[in-house]
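Summarising the annotation, TrEMBL assigns domain 'Pyrroline-5-carboxylate reductase catalytic N-terminal' to 29-116. What TrEMBL lists as domain 'Ferric oxidoreductase' is 259-401. The transmembrane segment feature in TrEMBL is assigned to 211-229, 259-281, 302-323, 356-376, 388-409, 429-451.
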Amino acid sequence: MSGGDMAKPLLGHRSMEGDPSIMPTTGRTIGVLGSGDFARSLAIRLVCSGFKVVVGSRNPKRKAGLFPSAAEVTFQAEAVKKTDVIFVAVFREHYSTLCDLADVLAGKILVDVSNNTEINHHKESNAEYLASLFPACTVVKGFNVVSAWTLQSGARDGNKQVLICSNNQEAKHTVAEIAQVMGFTPVDMGCMSSACEIENIPLRLLPAWKIPIFLALGLFLCFFTYNLVRQVIHPYIREQKNKFYKIPVEVVNTTLPCVAYVMLSLVYLPGVLAACSQLYYGTKYRRFPDWLDQWLQHRKQIGLLSFFCAALHAVYSLCLPMRRSHRYQLIETAVKQAVEKKMNIWVEEEVWRMEIYISVGIIALGLLSLLAITSLPSIANSLNWREFSFIQSTLGFIALVISTLHTLTYGWSRAFDENQYKFYLPPTYTLTLLVPCTVILAKVIFSLPCIQQRLLRIRRGWEKGRYVKFVLPSATGEYSSGETSSNV
């Protein structure tokens with residue numbers, strides 16, 4: 001599976017939480033083969049959940065001190081004989097060492113908790129390989145997506161889902177029962193063919209974040225290079241002034257709001273494109289292109305990265321007066337004014353511009369903070385759909401509009417000053433206005449009654465060119481059928 005596929009929610013899989021057929025029972029004896037970190041954490045959690053635990057080790061005397069006193073540590077053969085459910089907590093390459101126990105393991109339920117070091121490292125999953133070595137056993141894949149830390153600290157401090165798959169339904173329910181008693185939420189992932197997918201999940205590094213992160217980095221590099229040319233290279237070439245000191249703070253601080261502003265507009269641009277597609281084709285049932293579908297799925301990550309860049313911009317802006325270069329510039333300006341005997345340097349327009357600019361920026365950052373907080377699962381789950389939609393859609397669009405006002409007040413009339421065009425390049429903020437203004441204009445157009453009503457009808461199931469059958473009475477009293485187009 002691709003990284004984008006793994007980013008999708010597991011809508012097709014059934015949560016077994018609250019299943020009446022799963023009856024939690026404690027006091028059952030559970031076996032654990034292995035003495036590594038995961039085996040120890042698993043034994044601790046099982047003991048705390050009320051199970052009797054028998055640990056099978058090749059060196060029980062040396063390993064006994066690593067496990068809780070309530071767990072019995074013995075040889076592997078002895079541990080296997082005392083239980084019907086055994087967690088195999090050893091690496092794939094050590095499965096063959098258990099072959100001597102094949103006769104004793106016959107008829108047992110083996111829970112494979114292993115993972116690989118690389119995605120799709122083997123042609124078959126670890127669970128399928130274990131099943132091939134022990135055909136007389138029932139193998140269940142599970143608990144591999146749960147970390148050793150989560151097992152020790154409890155499900156409250158980690159992901160509660162335990163993904164389970166097996167070809168034996170009864171064995172799956174047995175393992176799901178154990179998981180539920182331990183405080184986890186078992187999720188039925190189907191038959192053993194899903195084991196490869198389950199084993200790949202812990203190996204994926206931020207699958208839903210790769211595209212947004214690369215997008216943010218690309219935008220940052222583009223804007224950073226553009227600002228570097230305007231703020232550093234231009235004065236160095238044209239005026240022989242060394243302003244390379246601006247790179248660490250000032251150039252970065254000019255780049256961050258550009259990235260945040262464009263990223264925020266990219267959250268709402270795919271919705272505009274989707275609406276245009278639905279209006280053009282006159283249906284909501286036509287599949288979007290893959291690139292647009294992926295874009296729609298990554299809007300949350302793009303929005304959070306936008307907030308991250310905006311927060312960094314706020315911190316950088318607060319630190320600007322702390323720089324030594326800024327202090328030198330203030331002293332230099334004060335000396336020049338004293339030499340020129342300028343007593344009143346107050347510029348009313350600039351004062352109002354900066355006051356409005358800072359105030360609007362604070363409001364925009366506050367709205368972005370609200371959007372980021374409500375995107376957290378713990379907060380989102382406490383909101384109903386209308387509340388969540390209002391915050392993420394309506395307030396999000398308001399945040400985009402206020403961010404646009406923040407940018408416009410920063411530019412003010414300077415956008416028409418020819419001195420602002422370095423190497424004939426326009427100021428950076430004028431470039432950032434292109435995408436957001438397009439989104440805002442499209443939203444205004446979609447709010448027109450004629451277009452809004454048509455789009456609403458399409459999203460409620462109306463289709464252009466669809467024929468609807470109807471029945472009319474004839475002159476003789478009999479009924480005749482006909483059809484008409486739904487867009488007439």
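Every residue, even glycine, has its Cβ placed from backbone N, Cα and C.
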Secondary structure content of the domain 'Pyrroline-5-carboxylate reductase catalytic N-terminal' (29-116), with strand meaning DSSP E or B: 39 helix, 23 strand, 26 coil
Interface-richest range of 211-229, 259-281, 388-409 toward the transmembrane segment (429-451), CB pairs under 8 Å: 259-281
Tertiary contacts of the transmembrane segment (356-376) (same chain, 6+ residues out, Cβ under 8 Å): 260, 264, 300, 303-304, 306-307, 310-311, 314, 383, 388, 391-392, 395-396, 398-399, 402-403, 405-406, 409-410
The transmembrane segment (388-409) touching the transmembrane segment (211-229) per 3+ Cβ pairs under 8 Å rule: no
Segment confidence, the domain 'Pyrroline-5-carboxylate reductase catalytic N-terminal' (29-116), expressed as mean pLDDT: 93
For the domain 'Ferric oxidoreductase' (259-401), the number of residues DSSP places in helix, strand and coil: 119 helix, 0 strand, 24 coil
